[in-house]
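Here's the structure, in structure tokens; my notes come after.
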Amino acid sequence: MSHDDKIIAGSAKHPIVVLEKGGLYKYGTAGFRMKADLLEGVTYRVGLLASLRSRKLNSQAIGVMITASHNPAIDNGVKIVDPQGDMLEQEWERHATSLVNAASDEELAKIYNTLAVDLKIDLAVPAKVVYGRDTRPSGHKLVTALAAALDATETEAVDFKILTTPQLHYLVRATNSEGTPLSYGEVSEAGYYKKLAEAFVRCLRNRKIEGSLVVDCANGVGGPKLTEFLKYIPKDDVSFDVKVVNDDILRPEVLNLDSGADFVKTKQRAPPSPKPVPGVRSCSFDGDADRLIYYWVDPDAGFVMLDGDRISSLAASFIGDLVESAGLRDDLRIGVVQTAYANGASTNYIRQHLKLPVICTPTGVKHLHHVAQGFDIGVYFEANGHGTVLFSPDAVTAFKKSEPQSPAQKDALDTLAALADLINQTVGDALSDMLMVEVILAHKGWTLRDWSMTYSDLPNRLVRVEVENKDVFRTTDAERRLSHPEGCQAEIDAEVKKFKDARSFARASGTENAMRVYAEAATRSEANELAERVAGVVRRWGV
Ligand code: G16
């Protein structure tokens, strides 16, 4: 069979579903994400693109992750991971979109070949794709479609089975750096646990983690993976009292249900089950363990949340102090990257108190990651808890090679070097970020209450608004304003003007069929009211 015949035959077995009303599939905030029954053909086609990408990049391994993260259990998604473990280069998103929207199997083969010619890809060189999936039952079928595409294109395939999203990102980078001086770690799930556990011990050195930590895993893949990771911590060196909850992956319908980071962030309350114990330090992962939110229920003040903005300012402050103690302040540029969802108080705190630059990008870690790479130390977190800290090769060399002039300087350099290993450099990782937070709290001797006292959040509200046609909304100015439909932004501005110290914006979600509206104002009730009013404007225009 010719190459084209193989591609066509595979596609016929994993057909694309034609969308209603001439709709097109789009590579959104985190790849293609929708109801799982629409995704079989999409995943087959994504497999074809991954093979092209590997061939284009000198046969380096490309990753494919099958997950819908925080979405409900009936959804699924598929996204491509580049060789260094970061998200697919944005220029290629349109190639993914054109392949996925091919009208027929024959047309698909044609577009595949045209892409190969246009992008100067030699189809005779080897290709490699590594892949994983979360715990959604629909993942089985999608993996079969993916494997068929890899088979049709004679691509070497490695199935890592069930993983968290950040684990797959780790494995892609580890695969491509294996045996080089920049080796990222052993190419196995165990290698990931070993690397994190070893760095965690090095980061802590004689510091004690106070109290226990309850980790809500959204009944997703993070549950079993965290339990597995805990076995790698040497009990003689570190006492880490973790209680893993909401880790039921056997009942798919409970995934992300009334639990997880997205629930906690959007509802601004603790998961109802297990009943929160006042005063206990708690955190939530999302369904694929790439987002993290901390919180506790205060016996006096009630629920207090420490979201991505708080994690970002905590990390920036701690790492900034270490860089100062290490004598590297003048050598390394530290910066923070946020999105429009960042609480205004956090931006002020980072700029005015920490004296660090802050850059705002559109939503999606793919945007933040890219900008963070422009710093020697780039701290990026979305308010929803998705983020990480990136260290440039120069920064890592400085941590390892600088000659310490005092024991305090040595301690700072050692901690920085250990943090660079502990913090996942490929993408936001709830497990790795949680260990980073625990390390910082242990070093500072802080409780969550101490952490929450660094600044006061402006009251805010995030709402999800279902509209008939979210595609009419287009944004500008890092999503802080709507350019389309014309006239809509003027109405939002008019609503905002009615409130003191207020800010609001609306944007179409790239992972759900809905609009998101964010509002900040001087009081909680005003933030709620403003959000509802802007939601009303969006509903009127979204037809
Ligand atoms: C994904 C992206 C995040 C983004 C989130 C929500 O998260 O990776 O960067 O913030 O979607 O995006 P949107 O508002 O466009 O729906 P996850 O955890 O769902 O993969």
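Even glycines carry a Cβ here, placed using N, Cα and C.
What TrEMBL says about a protein is an automatic prediction, not a curated fact.
What you see is a predicted model, and the numbers here were worked out from it, not measured in a lab.
Marked as domain 'Alpha-D-phosphohexomutase alpha/beta/alpha' by TrEMBL: 55-103 (among others). In the domain 'Alpha-D-phosphohexomutase alpha/beta/alpha' (55-103), helix, strand and coil residues by DSSP number 13 helix, 14 strand, 22 coil.
Residues or ranges marked as Mg(2+) binding site in TrEMBL: S69, D286, D288, D290. Sequence-distant contacts of D290 (Mg(2+) binding site), defined as residues of its own chain at least six apart whose C-beta falls under 8 angstroms from its C-beta, comprise S69, T164, T165, P166, H386, V427, G428, D429, A430. In the three-state DSSP assignment, the secondary structure recorded for D290 (Mg(2+) binding site) is coil.
Under the heading active site, phosphoserine intermediate, TrEMBL lists S69.
Helix first, then strand, then coil: DSSP counts for the domain 'Alpha-D-phosphohexomutase alpha/beta/alpha' (127-178) stand at 27 helix, 13 strand, 12 coil. The feature domain 'Alpha-D-phosphohexomutase alpha/beta/alpha' is assigned by TrEMBL to 127-178 (among others).
Marked as domain 'Phosphoacetylglucosamine mutase AMG1' by TrEMBL: 204-292 (among others). In the predicted structure, the domain 'Phosphoacetylglucosamine mutase AMG1' (204-292) carries a mean pLDDT of 96.
As a summary of secondary structure, the domain 'Phosphoacetylglucosamine mutase AMG1' (307-446) carries 76 helix, 21 strand, 43 coil according to DSSP. For 307-446 (among others), the entry in TrEMBL reads domain 'Phosphoacetylglucosamine mutase AMG1'.
In three-state terms derived from DSSP, R516 (substrate binding site) belongs to an extended strand segment. In sequence order, L462, V463, R464, V465, A506, R507, A508, S509 constitute the residues six or more apart from R516 (substrate binding site) in its chain with CB-CB distances below 8 Å. Taken from TrEMBL, the feature substrate binding site applies to E382, A383, N384, R507, A508, S509, G510, T511, R516.
Residues or ranges marked as domain 'Alpha-D-phosphohexomutase C-terminal' by TrEMBL: 462-535. Across the domain 'Alpha-D-phosphohexomutase C-terminal' (462-535), DSSP helix (H, G, I), strand (E, B) and coil residues number 25 helix, 23 strand, 26 coil.
Contact counts against the domain 'Alpha-D-phosphohexomutase alpha/beta/alpha' (127-178), taken as Cβ pairs under 8 Å, peak for 55-103 among the stretches 55-103, 307-446, 462-535. Taking every protein chain shown into account, S69, N384 are the binding-site residues, and of these the Cβ with the most other Cβ atoms within 10 Å belongs to S69. Checking each of the binding-site residues E382, N384, G510 against D286 (Mg(2+) binding site) by C-alpha distance, the shortest gap belongs to N384.
With a CB cut-off of under 6 A applied against ligand 1, the binding-site residues S69, D286, E382, N384, A508, G510 are reduced to S69, D286, E382, N384, G510. Counting only same-chain residues six or more apart in sequence, the Cβ atoms lying under 8 angstroms from the Cβ of G510 (substrate binding site) belong to K26, G28, T29, A30, T363, G364.
Neighbour list (D288 (Mg(2+) binding site), Cβ cut-off 8 Å, at least 6 residues apart, same chain): M65, T67, S69, H70, D134, T164, T165, G220, V221, G222.
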